Structure formats: structure tokens, C-alpha cells
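The structure appears right after this line, and notes come after that.
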């Protein structure tokens with residue numbers, strides 16, 4: 001048991017000692033001092049902290065005295081410029097004496113990953129539909145609520161919509177997020193990216209002056225097929241990544257190909273989910289023969305390559321027996 | 001946009017590098033010195049060209065043509081700066097890159113591309129601002145690299161921008177504005193629907209957006225320079241005049 005005392009009442013430090021009502025085995029209780037990283041003023045002093053407490057527990061205690069700073073907003077460090085302490089780290093395992101000093105920084109309003117993904121994907125999905133249904137004021141008024149005569153435009157709408165519905169389903173049922181939250185500014189930036197590009201692509205594909213692909217039905221059907229294959233591939237990888245974390249043990253392992261042929265891409269790359277994602281968008285580009293889609297695909301490819309490279313390096317660092325033939329995102333290339 | 005702020009981080013690097021780590025090696029330093037000397041000389045050529053043309057014609061008009069080629073050469077040459085900086089101060093490449101790109105954009109995509117604006121006085125306004133800024137800036141780097149920076153140059157580099165930066169920005173904005181009607185009429189660099197790649201681009205609208213972007217960007221860069229000025233010139237009592 002401990003009490004956190006916000007120190008704006010008096011100059012002296014009030015400490016209340018609570019005697020445990022039951023005889024506990026010989027445990028040295030810790031004291032935790034929380035200091036504002038910027039102003040260096042002492043915000044809180046925690047007494048009788050169980051050494052087995054985690055950082056998460058400490059954040060909860062701090063939250064009791066400062067209800068505006070819920071745990072997800074708290075950044076605690078042992079040194080103002082040091083590494084962020086993780087919620088699952090245990091107090092007695094930290095390099096501190098029995099009195100620990102921690103520096104606090106407010107990370108600002110936080111949003112859960114699920115909320116962020118929802119906002120991004122629903123926005124992208126609905127924005128596209130605004131253009132597909134030719135809502136008034138988007139195109140010239142003679143075209144309001146008309147529909148395109150080209151089948152490919154309908155296919156494109158179905159593909160785009162299903163793509164984001166799949167992502168929403170995955171967010172709810174498949175993905176497991178390691179970091180709980182993301183700062184508010186990030187959601188604004190991310191939504192601008194997704195919604196903005198969705199609008200830009202949709203504007204051209206659903207435009208009354210849209211020109212269908214040069215090689216006609218052959219091009220559309222072929223691209224549609226590869227699009228579906230890549231979506232299935234991407235989903236397979238997401239599911240196999242989820243299954244990696246099922247056993248709940250601390251055993252860390254890297255993903256391996258399974259019986260599902262789509263996962264065989266793991267023989268060649270560390271992040272086949274990104275490979276399939278690029279494949280899907282390339283298919284969409286070919287299917288619609290639309291330069292803005294190609295540009296969007298390129299941006300996505302660049303971003304995903306950076307992520308894939310990072311993940312690949314992390315795997316190499318962590319696992320000594322990591323297959324050397326594997327590349328990050330493009331088989332045999334990089 | 002005037003690249004006055006561009007060198008700030010590089011200058012900071014030159015000021016800070018000897019204290020923190022060894023800084024660029026001897027060969028890299030040699031290359032940098034040569035580069036900065038050449039650039040200083042280049043912009044001096046432009047300055048002299050402007051003065052001589054003015055004296056010959058007796059008026060401020062149409063001076064662009066007398067320095068068109070060296071301006072294009074040396075302003076575009078600043079792209080080389082990005083390659084050099086990326087090896088030494090990678091963090092400042094983005095800011096510098098942005099500055100250089102905007103200068104190159106104005107030189108080629110506006111002034112060169114829209115012949116009708118080349119006679120405008122606004123062109124002289126930004127060319128003059130760029131010329132004075134660059135002469136000071138490149139000589140500042142040269143002397144810094146040789147560890148013999150006269151206080152006058154340092155002072156000039158962190159003071160002249162106060163007038164030159166707004167002057168350059170005004171010249172640039174007025175030039176873009178002057179180009180607008182010609183771009184709209186000729187459809188320069190514009191693509192319309194329908195076409196095979198289902199893409200369109202309106203250069204006229206793009207230029208207007210560029211002009212609008214000055215509103216948030218210019219104050220940020222300007223006040224950044226002012227803060228740098230306080231930092232660099234504010235401690236002259238503490239440090240010796242020669243870096």
C-alpha cells in the first residue's frame with residue numbers, strides 16, 4: 001500500500017507510513033519519486049511500493065493523484081534523456097536503489113491503435129464512395145448521381161471497398177497491437193494521408209472523362225485476378241503473424257512458412273504482408289490504368305520498405321539462425 | 001524562397017563540429033572549401049554583371065538577360081550542396097533541400113519558362129537579394145572551414161537577412177504572380193482529361209498553391225534565422241572574434 005502525495009500543499013514532505021496488517025515475508029519496500037522532466041519539480045512521492053510492482057502499477061498510482069494524466073499519456077524515464085520505461089518492467093529489476101527517481105513527461109492525448117485504424121479506413125472507404133456515386137458538386141452538375149458506363153469502374157469500387165473492409169475486419173479480429181496508443185497529432189496526419197489519397201484516386205477513376213485501360217478486358221481481368229490473389233496472400237500472412245503470439249509464453253520465434261501456399265513467400269522475405277500489399281496496389285494500378293494510383297502505390301511502397309527493412313534488421317539481431325536467403329520485402333532483391 | 005536559413009544548420013555545424021567531434025576529414029574539407037570558393041566567385045560574377053549592365057544601360061530594366069546564364073549555372077549548382085551536406089550533416093539535408101528546390105523552381109520553372117516575366121522588375125528584386133545573400137553565405141562557409149572567420153562576415157551573414165529575406169520573398173511572389181496570366185493562357189506544363197493515364201495537372205492552380213504556401217513557411221524560416229542570430233551574435237562577449 002502506498003499513498004501518492006502531490007506536493008503543492010506544503011514545503012515539507014509529508015509521509016504517511018502504513019503498517020501492513022499481515023506479516024509479510026522480508027520485503028524491502030521501495031520509494032518512488034516522480035519528477036517533472038522539464039521543470040524538475042517533484043510531482044509525487046510514493047511510499048511502500050512493492051518491489052514486484054511494474055511500471056504500469058506505478059503509472060496507475062500516479063494517475064490517482066493526477067487524473068488528467070491517464071497511464072497511456074505518461075512517459076516515465078530513469079533519466080530525463082533516457083529510454084522510455086516499459087509498462088511491464090518490474091521495479092526491483094531496474095538499476096535503482098530502494099529509492100527510485102523517475103522523470104515524467106506528458107505525451108499528450110492518446111488514442112488507441114484500433115481507434116486510429118478505424119478512423120483511417122472508414123474515412124478512406126467512404127470518401128471513395130462519394131466519388132463513385134458522383135455526389136453533387138464533385139463533378140459537373142450534369143453528372144450528379146449518374147454512374148459510369150465502364151465495368152472496370154464498378155470493379156475498382158468493389159475492390160477498393162473490399163480492401164478497406166478487409167482491413168477493418170483485421171483490425172477487429174486479427175491484429176494484436178504491441179504498443180497501446182498513438183498521439184493525437186498522428187491520427188490527424190494519418191487520416192489526411194488516407195482520406196486525401198482516396199479522394200484523389202477516386203476523383204479520376206470515377207470521372208465522367210475516365211479512359212478505360214488500353215488493353216481492355218484482358219488487362220482488367222488479369223489485374224483483378226492478381227489483386228484478389230494478393231489480398232488473400234496479405235490476409236494469410238496477417239493470420240499467421242497473429243498465430244505466432246498465441247502461446248503466450250515468452251518464447252520468441254520468427255514467422256515461418258506454413259501449409260498455406262500464400263505463406264511460402266516467407267521463404268523469400270521477412271515481411272510478405274507488405275509484399276502482397278504492394279502487389280495488390282500494383283494490380284489496382286494496372287486495372288484502372290490511373291497514374292495517381294501508381295503514385296499512391298509508390299508512396300506506399302517506399303513507406304512499407306522502410307518498415308520492412310526495420311523489421312528485417314530486428315529479426316536478424318534477435319535470431320542467430322535467421323534464414324540468410326530472406327530479404328526484407330522484395331524476394332532476392334532487398 | 002531565399003536560402004538565408006539554409007546554411008544556418010551548416011553554420012551551426014561548422015561552429016559546433018570542432019567542439020563535439022573531429023568534423024569532416026581533410027579531403028572533405030578541401031572539397032568543401034573549393035566548392036564554397038567557387039560559389040562565392042560565381043555569385044560575385046553575377047553581382048558584377050548586374051552592376052556593369054546597369055551602368056551600360058542606365059536603367060534597372062531588363063538586367064536579367066545580362067546574368068541569365070551564370071544565374072542558372074550557379075543556382076542549379078547549389079544542388080551539389082545537398083550531396084555534400086548529406087555526407088556531413090545529414091539532419092539538415094531536408095531543410096536545405098527544400099530551400100534549394102524552391103530556388104531552382106523559381107529559376108527554371110517560373111523565370112526561364114515564362115518568357116514574359118523576364119522583364120519584370122520583381123525578377124531584379126529577388127536576383128539582387130539572392131546575390132548579396134549568397135556572396136556573404138558562401139564566404140562565411142569558406143572562412144569558417146579555414147578557421148579564420150572575420151567577425152564582420154559572421155555579423156553580415158546573421159544580419160543582412162533581416163532585409164534581404166523579405167526582399168527576396170517579395171520578388172519571388174511578385175514574379176510568380178506576374179507569370180499567372182501567361183500560364184493560364186498557354187496551358188503551360190498542364191495536362192487535361194481525358195487521357196490514357198487518367199491524370200490531370202493544372203500548373204496555374206499549382207502556382208497559386210505555391211504562393212499560398214509562403215504564408216505558413218516564410219515566417220517560420222524568418223524567425224528561425226532571428227533566433228539563430230540571437231544565439232550566434234548574442235555571445236560575442238564570451239567567445240573570441242575569430243572562430
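Cβ coordinates are placed from backbone N, Cα and C, and glycine is handled just like the others.
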Which listed span TrEMBL calls region 'Disordered', if the choices are B:1-22, B:23-44: B:1-22
Given ranges B:132-157, B:158-183, the stretch to which TrEMBL attaches the annotation transmembrane segment: B:158-183
Same-chain residues at least 6 beyond the ends of the transmembrane segment (B:158-183) whose Cβ lies under 8 Å from its Cβ atoms: 1-2, 4-5, 106, 110-111, 114, 116-117, 120, 122-130, 132-133, 136, 189-190, 203-204, 207-208, 210-211, 214, 218, 221-222, 225-226, 228-229, 232-233
